[in-house]
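J.: Okay, here's the structure, questions in a sec.
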Amino acid sequence: MQTIFAQATARGKAGVAIIRISGPDAFEVGRCLLGSLPDAGRFALRDVRTPLGELLDRGLVLVFKAPASFTGEDTVELQLHGSVAVVRAVEGAIRSTGLARLADAGEFTQRALLNDMLDLTQVEGLGRLIDSETEAQRKVAQASFEGGLSDKAERWRHLMIRAAALLEASIDFVDEDVPVDVVPEVQSILMGLDTDLAKEVTGAVVAERLHDGFEVAILGAPNAGKSTLLNVLADREIAITSDVPGTTRDVIEARLDVSGLPVTFLDTAGIRDTVDVIEKIGVQRAIDRALAADVRILLEIDDWILPDVLSDTIDFRYRAKADLSDGEGISGRTGVGIDRLLTDIEGVLSEKMSAVRSAVTDRQRGGIEAARVSLDAGVTVLSGTAELELAAEHIRHAQRSLDSVIGRVDVENLLGEIFSRFCIGK
């Protein structure tokens, strides 16, 4: 395997830049540039020179001996001054040794996977951790990166192996006097697994919303103050406000951090019967987005009736334009009621978040759901004809589905897509 190198910190001018070198010739590359290396696990200040002796920079050098490194390979890290020119010169010097090439996107992490330093769920958790923008996203992604889903998957896998082994033993000794009926125990194992997997799937749906951002739809009649409220929440003018009803035609979005949760507020068209074709399209879009949203808030005004299709979906109702009435309700102009609004939204979303255990991706959820389908089929067989061979085959199918989640089998075609989302130095 070739030795690779890349800048591990962001490109551009900065205080410090880190260049990582990993692979069988990493130490030799380091000696070409530094003369000598500190002992593994130690750091030292060194002059960085070209193979011909030209001084390029002076910085800290860290050495990691395989397998005690991120990639599981011999690794050298150079902490340099973050000048674009310095980084370019040092990378050129590394390349000139002929011992290393520039890494592909995500190649360091890919090597960590291939060297069993990480499994596939941890790799995907790392990707989510890098992408995290809010505290809730960070915590959930960190749980995946630390192996939260991996540990559960291993436990489920061992239970499946035990259930299949019990059935196989009964099949092998079918003509002998086997004193114990294993079917009740196997059924108990499978039903317990089904409960665990169902909880994980439920949490996965919310985890995906956490990654993409929860949606909160602001609904109401035309000129109810929805756009004004959105502008106040976003702390900038992103929606046009006017006394003319029907100003908002399309859905306007503002992404915010609400107590560590990523939330996209949706300013929707005022809902009313209209003969205006364009406004009618806007009203339908408002209804469609509201039905798909995680939370729906309604700004109420007198003499206006919410359409039946939305009447049972509203999470919170607030009196609109409180600045023009007795002060009860909510007002985008004065800020009355906005703290209560945010607290209400946080409460609903925090309750949804209680089902999330780790940053489960769509791919992982698909594998878990497939495993659950196979387990349910096994339970059905055992409850009916009790054909042990068929039930055992369903369990083996479930195990293969679970193995694909953590990267034991059938993942080669996924690696290119997964690692292409990483930066060059990761």
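Each Cβ is built from the backbone N, Cα and C atoms, and glycine gets one as well.
According to Swiss-Prot:
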type    : residues                       : note
BINDING : Arg20, Glu77, Met117, Lys426   : (6S)-5-formyl-5,6,7,8-tetrahydrofolate binding site
BINDING : 223-228, 242-248, 267-270      : GTP binding site
BINDING : Asn223, Ser242, Val244, Thr247 : K(+) binding site
BINDING : Ser227, Thr248                 : Mg(2+) binding site
DOMAIN  : 213-350                        : domain 'TrmE-type G'
J.: Could you work out which of the binding-site residues (Arg20, Lys226) has its C-beta surrounded by the smallest number of other C-beta atoms within 10 A?
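T.: So among Arg20, Lys226, the binding-site residues given, the one with the fewest Cβ atoms within 10 Å is Arg20.
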J.: If you count other C-beta atoms within 10 angstroms, which of the binding-site residues Met117, Ala269 is the most crowded?
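T.: Per the Cβ count within 10 Å, the most buried is Ala269.
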J.: Using C-alpha atoms only, work out the spacing between Lys226 (GTP binding site) and Glu77 ((6S)-5-formyl-5,6,7,8-tetrahydrofolate binding site) and round it to an integer in Å.
T.: 53
J.: Would you mind listing, in sequence order, the residues at least six apart from Glu77 ((6S)-5-formyl-5,6,7,8-tetrahydrofolate binding site) in the same chain with a Cβ closer than 8 Å to its Cβ?
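T.: For Glu77 ((6S)-5-formyl-5,6,7,8-tetrahydrofolate binding site), the qualifying residues are Ala8, Ile18, Ile19, Arg20, Ile21, Val61, Leu62, Phe64.
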J.: How many helix, strand and coil residues does the domain 'TrmE-type G' (213-350) contain under DSSP?
T.: 45 helix, 31 strand, 62 coil
J.: In which DSSP state, out of helix, strand and coil, do we find Met117 ((6S)-5-formyl-5,6,7,8-tetrahydrofolate binding site)?
T.: coil
J.: Which number gives the other C-beta atoms within 10 angstroms of the C-beta of Ser227 (Mg(2+) binding site), all protein chains shown included?
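T.: Result for Ser227 (Mg(2+) binding site): 23 neighbouring Cβ atoms inside 10 Å.
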J.: Roughly where does the domain 'TrmE-type G' (213-350) sit in mean pLDDT, to the nearest integer?
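T.: For the domain 'TrmE-type G' (213-350), the model's average pLDDT rounds to 82.
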